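To keep things clear, I will list the structure first and then write my remarks on it.
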Amino acid sequence: MIKFVKKYLIFLVIIICLATIFICTTIGVANISVSQTVNILFNKITSIGNVEGVKESTIAIIWNLRFPRVMLAFLVGGALSICGVAYQGIFKNPMADPFLLGVSSGAALGATIAIVFNISAIFFGLDMITVFAFVSALLTLLLVYNISRIGNKVPVPTLLLSGIAISQFLTAIISLFMIFSDQMNRVVFWTMGSLNAKSWNHLILILPYVIIGFIILFRYHRQMDIMLLGEDTASQLGVNTEKLKLVILVVTAFITAATVSVTGIIGFVGLIIPHIVRMIVGPKHKKLYPYSFVLGGILLIICDTVARSLINQEIPVGIITAIFGGPFFIYLLKKRKRGGI
Amino acid sequence: MIKMNKVLIIITLLLMTFTWTACSNADNSGEEDTNSNGDTSVTETTYPLTITDDLGNEVTFEKAPEKIVSVSPGITETLFELGLGENIIGRDGASDYPKAAQDLEIVGDYKGPNTELIIDLAPEVVFAYESIPEDVNQLLEASNIKVVVFNPTNVDGVLENIKQVGVITNKQTRANELIESMSAKRTEILEKVKDVDQKKVFMDLGDFISVGPNTFINSILEEANAINIASDSDTPWPTLSIEKIIEDNPDVYISTYTSVEDIKSVVGIDVIEAYKNDNIIVIPWGTEEHNMIQRPGPRVVEGLEIYANTIYPELFE
């Protein structure tokens, strides 16, 4: 049985993934029947079938809101997970998550400035909060990288420490802005992450970063495996570790900045998914990346579905990921300890 | 052991009796002063006066307070209306109306008044909203400064508050006049919207955060005879999912933050009635108009009129 599951694991995961996307698209606060949902989705994707007679608002809810939101959750969950894999590999630190170097605080500062100063303009169909968050996240990582650079090298401990320092510093500035503003709750909500009111344009915004980022990360999967032996050993074995670090940092910076600027800070996915996947498929990055992407996507779809349909108001999805993710992760850790693997 | 238990039971019973009597006393005194001072024929307050504020705390005044700090914009406006502007020696940062209020010293904001500044000013009484932190409250009371907390949840609550301020400060005649003129205008507006075809309203405080049940703005929307689509929420300040907004299909979309263009750019929003009929209205945050619609003070009826006019413009032509 286990052998069978292992052999066909990839198919199993894909089937679960498709099923999750479909089931979660049928769930929501608006009362729309499953058959209607199927009808609309089928019609929109294949342009076969007939949606005449269906209310305009029903079509809008399924095709312009719910389905893109589910797909966005998949993309964001996957993106955060592969960044988590890359960070945990390069830092050789099980606590690493995509927000380790302050990308979240950077994005939050940008968003806070846009919210507090009420900067309101539309930029290629995106609001200023997204644009500010994206730019500010990238600038933060640039700053952290430059602070940590000693000559041609970027030692990992320095990188971690300057990341933490900058991140704390930015958080303090955000708190300062919040104290002097009446928009405190909006800032707080932003930092808890949400996929509310996100649609195709947001999906299209982050899609290229995620696809290109995934391809580049995947190309370096062998070097990442060697990195697990330690930076010194890796460079003796011919890996250009400084270049590898730079590539990983730049790629993950763009992926996380893009996702965070759209959704706000969604914690925990990028931390736990790599660990869970490592328990299932082992430490090889060739398998870690694709499986983490799909499982991370599934997890965030489920969490977001809970966030939007549990009660008749939105719950920030970051809360859900932490509430479900935390105990589940602890359970896995305990179980693994007992099994002695 | 059994003896100990018995003693404990007796003590508990005694304590319960005491608290019960204390509570019922508080209730009685509250009723009493509405009887003695609530009557419009009585225009002079007799001191010492004991009032019960909106948090249920009893406050006793020996005489009409002459040095007042107001950390609630609505009460600041009320005090000016009652002709007590000169008695205010400190205000919160948001108390910016009438213009004369802006010259007063600021003692913090309504969420976190600066206790040091207030104690230094040595007022006899501090008027505050229920958002004042409990520890600030206790600190002030420990310094012999009386604190009266207001928590109006609807227009009636505001009128009650004005009456109470009038009683405390011995300005009952002026307070009654003010209440009468406000009530007259209110009746006029209620009369206009009474038989209208109810419209559904979505109130957006930014990022689809709306006003749920038991909030002041919800009560104003109800007075204006509109249906607040967020009134069935579980919390006072729910974030509505865009899916729910589209399903509820509001006729009017009132935002206090974003611009009309921002709202129109939200994907899917173009199917709601408010979008189709160009009924997306922005009342920018921080403007006079906005203060009127969210501030529980003497201008609340004007705020009500703004809402009624925004939702049912055809009635106010």
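Cβ from N, Cα, C; glycine included.
Residues 41, 58, 61-62, 66-67, 70-71, 74, 280-281, 290-291, 294-295, 297-298, 301-302, 304-305, 308-309, 312 of the same chain, all 6+ positions outside the transmembrane segment (A:9-34), place their C-beta atoms under 8 angstroms from a C-beta of that stretch. If you look up TrEMBL, you'll see A:9-34 (among others) marked as transmembrane segment.
According to TrEMBL, the feature transmembrane segment maps to A:70-87 (among others).
According to TrEMBL, the feature transmembrane segment maps to A:99-123 (among others).
Counting residues 6+ beyond its ends, the transmembrane segment (A:129-147) has Cβ neighbours under 8 Å at 101-111, 113-115, 119, 123, 154, 159, 162-163, 166, 170, 190, 202, 205, 249, 253-254, 256-258, 260-262 in the same chain. Positions annotated as transmembrane segment by TrEMBL: A:129-147 (among others).
Within the same chain, residues 91, 93, 99-102, 104-106, 108-109, 112-113, 116, 140, 143-145, 147-148, 187-188, 191 sit at least 6 positions outside the transmembrane segment (A:159-180) and bring their C-beta atoms closer than 8 Å to a C-beta of that stretch. The transmembrane segment annotation in TrEMBL covers A:159-180 (among others).
For the transmembrane segment (A:200-218), the list of distant contacts is 64, 68, 71-72, 75-76, 78-79, 82, 85-86, 125-126, 130, 247-248, 251-252, 254-255, 258-259, 262, 286, 289-290, 293: same-chain residues at least six beyond its ends, Cβ to Cβ under 8 Å. According to TrEMBL, the feature transmembrane segment maps to A:200-218 (among others).
Taken from TrEMBL, the feature transmembrane segment applies to A:246-276 (among others).
Feature annotation from TrEMBL assigns transmembrane segment to A:288-307 (among others). Residues 10, 13-14, 16-17, 20-21, 24, 27-28, 69-70, 73-82, 84-85, 194-195, 214, 217-218, 221, 266, 269-270, 273-274, 276-278, 280-281, 314-317, 319-321, 324-325 of the same chain sit 6 or more residues outside the transmembrane segment (A:288-307) yet have a Cβ under 8 Å from a Cβ within it.
Per TrEMBL, the feature transmembrane segment maps to A:314-333 (among others).
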